[in-house]
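Participant: Once you've had a glance at the structure underneath, I'll fire off some questions.
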Amino acid sequence: MTARNLFLLPGDGIGPEAMGEVRKIIAYMNEAMNAGFVTDEGLVGGCAYDAHGAAISEADMQKALAADAVLFGAVGGPKWDSVPYEVRPEAGLLRLRKDLQLFANLRPAICYPALSAASSLKPELVEGLDILIIRELTGGVYFGEPKEIIDLGNGQKRGIDTQVYDTYEIERIAGVAFEMARTRQNRVCSMEKRNVMKSGVLWNQVVTETHKAKYSDVQLEHMLADAGGMQLVRQPKQFDVIVTDNLFGDMLSDVAAMLTGSLGMLPSASLGAPDGKTGKRKALYEPVHGSAPDIAGKGIANPIAMIASFAMCLRYSFNLVKEADDLEKAIANVLDKGIRTGDIMADGARQVGTVEMGDAILAEFKTLSA
Ligand code: IPM
Ligand code: MG
């Protein structure tokens with residue numbers, strides 16, 4: 001069997017602890033299922049800065065480009081708050097997204113039944129919630145030029161970021177959204193600010209045209225992004241797939257994440273275009289949560305988002321659908337049994353640390369996949 005090459009970038013803070021739990025699942029799959037995963041590991045974020053003076057080294061970038069999939073933990077922490085902007089920990093993640101051309105960021109917000117009480121909204125508003133936010137990830141104001149602070153010479157400075165989208169960028173992300181919708185409830189809501197932004201006007205037009213040309217079987221709705229944020233907290237279950245730009249997607253996916261009870265629960269996949277010859281997509285999988293420096297190293301972090309990110313990797317990079325389903329089911333079963341890390345702790349549940357949570361999910365996965 002051909003090797004499945006995984007490049008692991010645990011990063012900073014709780015990243016390495018969470019990744020440790022995924023490593024156990026990889027080892028089990030190799031042993032018991034002959035899955036053929038070959039792993040290599042690198043540094044990203046603050047730890048890479050400490051080692052190489054860069055947020056990711058050229059050698060590790062090459063490995064990320066060559067791998068079948070990258071598993072990413074988290075980056076950043078107060079230790080690196082004052083390093084130069086170009087080499088801040090987040091620059092490593094942004095470079096990976098840009099150089100691997102991972103334009104489609106899939107952020108599912110699923111509310112596990114066992115956790116509906118942990119949401120800041122009333123349980124009935126979030127029970128059974130299953131939204132997929134598709135965030136454009138390599139364009140918009142994150143990368144547009146000019147991006148600078150200029151000195152106006154009169155004691156004033158000017159900070160400039162540029163929001164820019166070309167037709168092809170909107171077309172391809174809209175295509176991903178419509179295709180994903182077809183595998184779900186067949187509904188897409190596109191969000192922009194066409195009432196104030198030219199890029200929003202174009203976004204709206206291109207999504208509408210793409211829909212008309214190729215995906216008219218899918219139900220399409222448009223919403224202004226601010227109203228979309230309001231609707232997400234008012235009546236989140238009205239949405240199936242949401243497609244939006246890089247900055248709005250960053251904010252709206254955090255909002256959606258919190259609806260589910262904890263940021264520690266949510267995985268994400270960042271995908272490139274399928275290769276013309278092999279059909280393979282470059283891909284990076286990462287939890288939506290950050291490095292949580294306040295709890296790093298204490299063994300209490302919730303590894304579920306990282307494990308669920310690996311489930312997305314099984315699904316989207318290796319087409320191991322049954323294994324992905326089993327791993328997701330294992331997470332749900334462990335939650336049903338009342339096993340919780342501190343961030344999702346509830347009355348009557350049993351509080352465990354990172355390793356115990358990982359072990360419980362692995363044990364459940366073994367049972368399901370036996
Ligand atoms: C995210 C994060 C990143 C982003 C940061 C760490 C650069 O917030 O993945 O949502 O803004 O994209
Ligand atoms: Mg974010």
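A Cβ is built for glycine as well, from the same backbone N, Cα and C atoms used for every other residue.
These came from TrEMBL, pasted as-is:
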BINDING   77-90, 290-302  NAD(+) binding site
BINDING   Arg97, Arg107, Arg135, Asp226  substrate binding site
BINDING   Asp226, Asp250, Asp254  Mg(2+) binding site
DOMAIN    5-361  domain 'Isopropylmalate dehydrogenase-like'
SITE      Tyr142  site 'Important for catalysis'
SITE      Lys193  site 'Important for catalysis'
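Just tell me what is around each of these and how deep it sits.
Facilitator: Sequence-distant contacts of Ala296 (NAD(+) binding site), defined by Cβ-Cβ distance under 8 angstroms and a gap of at least six in the same chain, are Asp12, Gly13, Ile14, Glu17, Gly77.
Sequence-distant neighbours of Asp226 (substrate binding site): residues of the same chain at least 6 apart with a C-beta under 8 Å from its C-beta are Lys193.
Proximity of Asp250 (Mg(2+) binding site) to non-local residues of its own chain (separation of 6 or more, Cβ distance below 8 Å) is seen for Arg135, given in sequence order.
Counting only same-chain residues at least 6 apart in sequence, those with a Cβ under 8 Å from the Cβ of Tyr142 (site 'Important for catalysis') are Leu94, Asn246, Leu247. DSSP gives Tyr142 (site 'Important for catalysis') a helix state.
DSSP gives Lys193 (site 'Important for catalysis') a coil state; it is part of no helix or strand.
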Participant: I need the most crowded of these binding-site residues: Asp81, Asp254. Count other C-beta atoms within 10 angstroms of each C-beta and give me the top one.
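Facilitator: Answer by Cβ density within 10 Å: Asp254.
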Participant: What is the number of other Cβ atoms found within 10 Å of the Cβ of Arg135 (substrate binding site)?
Facilitator: 25
Participant: Once the DSSP letters are reduced so that anything not helix or strand counts as coil, what is Ala292 (NAD(+) binding site)?
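Facilitator: Ala292 (NAD(+) binding site) sits in coil per DSSP, no helix or strand.
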Participant: Based on DSSP, name the secondary structure state of Arg135 (substrate binding site): helix, strand or coil.
Facilitator: strand
Participant: Have a look at the binding-site residues Asp81, Pro89, Arg107, Ala292 and say which one has the shortest Cα distance to Asp254 (Mg(2+) binding site).
Facilitator: Arg107
Participant: I'd like to know which of these binding-site residues, Gly77, Pro89, is least surrounded, judged by other CB atoms within 10 A.
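Facilitator: Output over binding-site residues Gly77, Pro89: least Cβ neighbours within 10 Å is Gly77.
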Participant: Please report how many Å separate the Cα atom of Pro89 (NAD(+) binding site) from that of Arg107 (substrate binding site), as a whole number.
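Facilitator: That comes out at 22 Å between the alpha carbons.
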